[in-house]
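Q: Structure below; questions to follow.
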Amino acid sequence: MPPAAECVPWLAAGRASRRLVLVVVFVALLLDNMLLTVVVPIVPTFLYTTEYEGANSSLAPAQTEPAPTALKAPPFSSMFSYFDNTTVTVSGSTSAVGLANGTGSSRPPQPPTSSPPPPRDCPEGEEFLAKENVRVGLLFASKALVQLVVNPFVGLLTNRIGYHIPMFIGFIIMFLSSVMFAFSGTYTLLFIARALQGIGSSFSSVAGLGMLASVYTDDFERGNTMGIALGGLALGVLIGAPFGSVMYEFVGKSSPFLVLAFLSLLDGALQLCILQPSKISPESAKGTPVFTLLRDPYILVAAGALCFSNMGVAMLEPTLPIWMMQTMCSPKWQLGMAFLPASISYLIGTNLFGMLANRMGRWLCSLVGMAVVGISLLCVPLAKNIYGLIGPNGGLGFAIGMVDSSMMPIMGYLVDLRHTSVYGNVYAIADVAFCMGFAIGPSTGGAIVRAIGFPWLMIIIGVINIAYAPLCWYLRNPPAKEEKIAILSQECPMQTTSYSTQKTLRDFPLADESDVEAENAE
C-alpha cells in the first residue's frame, strides 16, 4: 500500500517545503505563548474572588446576625424630628428601651472629614493582596522552573531522535495543560497545570527553533526566519492577556482555556500532516555537549542578554495587575489590556529587526534594546492610570523584540562559527535563558514588592538591564575556533594564490584501485 504522502501530492510537496516547517513552528510558539499570558489577568482576580471574597462571604451571616434583645425592635429605621425638621437614622444597636426613655441618640451622624471612600472597583484586603504577590509570582514561575530543568534533556533528545517527535510531544502536553487550567478551581491545581505547561513548552521551543536552524542554514535567511518565528511568540503574547481578561470578564474562567485546547488540536493535526512525528531522524553529526557550550563566554553573553531583558516583563506579569488593583482601582478587563502596548510593539520589533539587525549589527541592536528596556521599566511606576502605561509598556515590548530577534540568530551563528553545527543544545541554552528570566522574575518580584514596594522593583531591574547592555559589544566580532577558521573567509576574504596540479583528481570515496587509475591517466 503506498504511503499517504504519495497518494496526496500536496502533502508530499508540503513535507518538502521549508515554509510549511516555519508555519508549524510559528503556530506552536503562538499557542504556547497565548497559554503563557492568558493566565496573567485571570489568576490574581480568580484567587482574590475565590479565596478572599469567598472566605468573607461565608463569615458575613455570622457577623451580621443581630443580638437578641429584651424588647422587640421598632418597626422603623429612621425617625423624623419635628424640632429641627430632620430625619434621624436609628442605629441597629440602639435598644427599644433607650428609645422609649428618650436616651437614644437623636443627633444625625456627622459626615466623615477624612478622605472620601474608595471607588467601588477598589478591592479590599490590602494584606491579602500583599501576600498574593508572592503566591501568584511562584505560580507563574513554576512553568519556567520546570522548563529550566527539562530543557537540557530535550536538547539531548533532539540530537538522538530528531526534532519531529519532540514537537508532537509538546503539542500533547500543551493540550492537557489547557484542559487542566479550564477545570482547576484551587491554587494547587493551577500550580500543577502551570508546571505541566513548562514541560510542553520545553519540547516545543527547543525542537522548533532547532528545526528552523537546521533547515535554514544561511545566516541571513536564518535571521529573517527567526524573526518570523518570534513573531508567532509575540502574537501569542499580544493576544493572550487581552483575550484572557475579556473572556474571563464576560464569558467565564474556563472559556479561554477551552478555546486554546481546541486550537491545540488543530496544531496537532497540522504537525501530523507536515512533520511525520513517527519518523526518527537523528542528526548526522554529534552535537557539541551542553557543558562545553556553557563554557563559551560569547554564548553566555548572548544568553544573559536574553535572560535579563525578558526578566523585566516577567516581573511585571504577577505584580503589575495587583499594583493596578491597589493604586488605579482597575476593573478586570483592564488588567490584561495593560500588556497590549507591549505585545503590539514586540510583534513590530521582532519582525522589523529580524531584517534590520543583520545590517546594523546584531550586537548593536541588542545593546540599544537592553538600554531601552531599562529606561522603559524605570518609567512604569510613574503611570497614574492605564493610559500612562502605554508609553513605558510599548517601549518595553519594542526593545525586547530588538534583543530577541538579534540574539536568537546569534546563538545559531556562534555554534556554526565555534562549534559543531548541531543546534538542539544551543537552543536549549537559549530557552534556559528565557526560563531563568521567567523563573527568577516572578518568584523574586513578588517578594521584593512585598518588602520594598513595586516602584523599587522596577528601579532594580531597570538598572540591571542598563548596566548589562555594554556587554553586548563583545558580540561584535566573535573569533572562530581553529577548525572553523574557514568560515571567516566567507565574510573576510583574504588574498590567496592558486596553484594548479597536473595530477588527476580522484573521486570520493577512494577505492583500492584509485592510485592505479590515477597513474594510468597520467
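Glycine is no exception: its Cβ is also placed from the backbone N, Cα and C atoms.
Unlike curated entries, TrEMBL annotations are predicted automatically.
Copied straight from TrEMBL:
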- 20-43: transmembrane segment (TRANSMEM)
- 70-480: domain 'Major facilitator superfamily (MFS) profile' (DOMAIN)
- 99-123: region 'Disordered' (REGION)
- 108-120: compositional bias 'Pro residues' (COMPBIAS)
- 168-193: transmembrane segment (TRANSMEM)
- 199-216: transmembrane segment (TRANSMEM)
- 228-251: transmembrane segment (TRANSMEM)
- 298-316: transmembrane segment (TRANSMEM)
- 336-356: transmembrane segment (TRANSMEM)
- 363-383: transmembrane segment (TRANSMEM)
- 395-415: transmembrane segment (TRANSMEM)
- 422-441: transmembrane segment (TRANSMEM)
- 453-475: transmembrane segment (TRANSMEM)
Q: Considering only Cβ pairs within less than 8 angstroms, which of the stretches 336-356, 395-415, 422-441, 453-475 has the most against the transmembrane segment (363-383)?
A: 453-475
Q: Look at every Cβ pair spanning the transmembrane segment (395-415) and the transmembrane segment (228-251), keep those 6 or more apart in sequence, and say whether at least 3 of them are under 8 Å.
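A: The answer is yes, given that the two segments have at least 3 Cβ pairs within the 8 Å cut-off.
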Q: Which of 199-216, 336-356, 453-475 has the most Cβ pairs closer than 8 Å to the transmembrane segment (168-193)?
A: 199-216
Q: Just to confirm my parser: what is the rounded mean pLDDT across the domain 'Major facilitator superfamily (MFS) profile' (70-480)?
A: 80
